[in-house]
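**Student:** Sharing a structure with you now.
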Amino acid sequence: MSADESLECKRRSGLRPAWGLVALAVAALILTSLATPVAAHAYLSDSDPANGEQIDAVPDEITLSFSGDGVQVADATVTGPDGADVSGAAEIDDDSQLVRVPIERSADEDDAEGLYSVEWEILADDGHTVSGSFVFSVGDKPLDRDAVLEAHEDEGPDEDVSPVAAGAKGLLLIALVCLIGAPITAVVAVYPAVSRVESSFRSLRTVDRRLGRVLATAGAVLFGSVLTLGLVRATSIGSLSLETLVRFADTPLGREWLVQVGLTALLGVILVGGLTGRLPRRGWLAGTAVGAAFVGATVGWTSHSATAIDRFQGAAIDIAHLGGAGLWVGGLVVLALVVPAALREAKPVDRNDLAAGTIRRYSLLALAGVTLAGATGLVLASWHVPSLAALTDSLYGLSLSAKSLLVLLALGLGGLTRFVLLSRLAEHSSREFTAAAAADIDTDTVSTFVRAVRFEVAVLVAVLLISGLLTSAPTAAVVDDGAGDSELATIEREVTDDVALELQAGPTAGSATGTADETENSDRSNGQQLRVRPGDPIVFDVTFASSAAAGDGERIDSDGPVRLLATATEGDRTINVELEETAGGTYATVQTLPVEGDWEVRLTGSPNDEFVSETYDVRVETAETGDAHADHDSGATGSPLSLLLQFGAVAIAVVGSVAVAVEATRFRERA
């Protein structure tokens with residue numbers, strides 16, 4: 001063995017442990033993210049007075065306790081019995097999870113008695129607004145049915161997304177992946193390949209011009225999207241004005257936005273220095289990639305994962321995901337917009353080698369980027385998507401499904417570019433043609449190359465735009481929490497041959513067997529059980545109707561009073577009330593079942609002058625078993641889908657790292 005061969009063997013053997021360390025580092029990043037308990041998005045976990053609570057006197061203040069994300073800005077309105085606003089300015093405690101709302105007392109205590117409604121809205125740490133409402137009463141006046149139902153309709157997360165915010169976030173992501181990945185691809189793949197052809201000087205100048213235009217455009221888009229996103233978030237405080245911007249800038253989220261604007265402006269200075277020739281090529285390209293990475297870090301710092309999972313770990317996974325996308329998508333942008341011009345400037349006999357060399361070098365970066373983006377993407381999905389049903393039941397899940405399908409399409413196109421096109425280039429390079437035939441073949445090769453890459457870029461741009469929507473909407477786990485908290489349950493029974501009784505009760509606890517169509521003996525519940533949460537005001541709405549049309553018959557008035565008798569099976573608590581007739585022809589009451597455990601609720605009435613009596617089983621859940629948020633907070637990440645996604649993340653990290661090492665070894669041997 002010669003000295004040169006011995007040196008080459010030592011160099012390769014020394015690189016193998018390095019690639020092994022890289023694989024271990026990527027796998028370690030993924031593994032440390034798997035056991036993280038999932039904390040919920042900002043939500044109202046408690047209030048004083050509680051929802052539906054009946055108190056003796058008007059309190060000095062109302063307290064709202066939030067779990068999950070912290071509160072940046074809070075606004076609350078308390079409306080008294082006369083419809084007047086009786087609340088002062090909301091104040092946020094230092095821990096950012098407790099909001100106090102002072103109440104203005106009425107001079108006349110009698111006027112103060114009645115129903116109070118509380119409407120609140122907060123700006124959470126992740127930049128999203130969360131709102132809701134609840135009611136309480138002062139004195140002995142009963143709760144209003146319509147107010148309770150309206151408060152129930154406001155429960156759960158709001159999935160409405162501002163099109164401007166989603167669009168700005170999508171453009172921001174597109175700009176970031178270009179600014180991170182394009183300089184790296186240019187230095188690692190394009191410039192070395194161009195330098196090896198005979199007409200390298202002219203081609204290099206072409207690459208400089210085209211790359212400068214691409215990065216300048218991306219920088220302008222980044223600045224505009226950062227500015228727009230901040231202004232949209234500022235409007236959550238009030239109408240857009242200088243005063244609103246000052247208030248927003250005084251919040252932690254506003255200060256983070258100012259840091260983003262400053263970093264983006266600094267990045268613009270670097271781009272100007274590079275485009276005007278005041279900075280060396282490698283210097284301004286490196287500065288561009290690093291500057292964009294810092295801007296990406298500020299985006300990751302306020303992401304879903306950072307604010308709802310763990311600030312450092314969630315941000316690290318998000319930043320790694322963005323970096324992987326940059327290596328893949330940002331590099332493709334260079335291949336689509338910069339390399340074709342260099343191919344046209346090169347001599348026809350050099351075009352095959354230039355295209356093949358660029359693709360081979362870029363493929364190594366793309367493989368690393370796909371590995372990083374794929375592994376971290378599955379980790380993020382395991383955090384934010386609790387079940388397969390969540391993929392279709394929420395805007396976040398639908399967006400993630402569409403994004404995943406497009407990513408698979410892009411991977412298929414990438415494989416076509418990598419294997420099929422390289423085979424054609426190698427075949428043409430190994431054969432001899434006449435000058436005219438060579439020119440035709442090279443022109444066809446360039447056209448095929450450009451079409452394949454640009455179509456892949458178009459698909460991935462759509463992926464990034466969907467990602468803007470994805471990061472602007474509440475996660476599927478949050479929506480699953482909100483949707484599962486409560487629902488209105490309907491139970492219909494035929495109480496006589498001619499009369500059906502329909503009971504609508506709610507809000508009931510999620511997953512209750514509260515919806516049924518029962519036609520058997522009215523004294524039997526057949527396992528149907530309404531589940532409610534302790535302390536919640538429950539609307540009992542009763543309708544008598546002709547049973548001839550299977551629930552679509554005409555409503556029937558009760559000739560006698562309609563009453564509700566609720567008895568706790570353990571203890572001596574009993575509620576006996578007469579239901580009031582509503583404008584819609586139903587009979588309703590709002591009651592709170594104060595004792596946890598099983599209750600028997602009996603409804604009586606006299607439709608068609610015939611006495612009927614129906615019994616329903618109701619279970620009042622304890623706070624521990626009835627609160628869906630508690631499950632989410634305690635780290636309920638062990639669902640089958642979450643475990644499958646986590647396993648997939650580890651597999652992609654390990655297999656992908658090994659594939660990168662193998663590909664790098666083959667590239668060195670080929671070189």
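Here, residue 1 is simply the first one shown, and the rest follow in order.
Glycine too: its Cβ is placed from the backbone N, Cα and C atoms.
Curation does not apply to TrEMBL; its annotations are automatic.
Taken from TrEMBL, the feature transmembrane segment applies to 21-44, 171-194, 214-237, 257-276, 283-302, 322-343, 364-385, 405-422, 457-479, 643-662. The domain 'CopC' annotation in TrEMBL covers 41-138. Residues or ranges marked as domain 'Copper resistance protein D' in TrEMBL: 358-470. Residues annotated as compositional bias 'Low complexity' in TrEMBL: 505-516. Residues annotated as region 'Disordered' in TrEMBL: 505-532.
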**Student:** For the transmembrane segment (643-662), which stretch among 214-237, 257-276, 364-385, 457-479 has the most Cβ pairs under 8 A?
**Tutor:** 364-385
**Student:** Give me the stretch from 214-237, 257-276, 283-302, 322-343 with the greatest number of Cβ pairs under 8 Å to the transmembrane segment (457-479).
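**Tutor:** Checked against 214-237, 257-276, 283-302, 322-343; highest Cβ contact count belongs to 322-343.
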**Student:** Going along the chain, which residues at least six beyond the ends of the transmembrane segment (214-237) come within the CB cut-off of under 8 Å?
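**Tutor:** Distant contacts of the transmembrane segment (214-237): 73, 123, 127, 129, 162, 164-165, 168-169, 171-172, 174-176, 178-179, 182-183, 244-245, 247-248, 253-254, 257, 260-261, 264-265, 267-268, 271, 274-275, 288, 292, 295, 333-334, 337-338.
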**Student:** Helix, strand, coil: count each for the residues of the domain 'CopC' (41-138), based on DSSP.
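**Tutor:** Final tally across the stretch: 4 helix, 55 strand, 39 coil.
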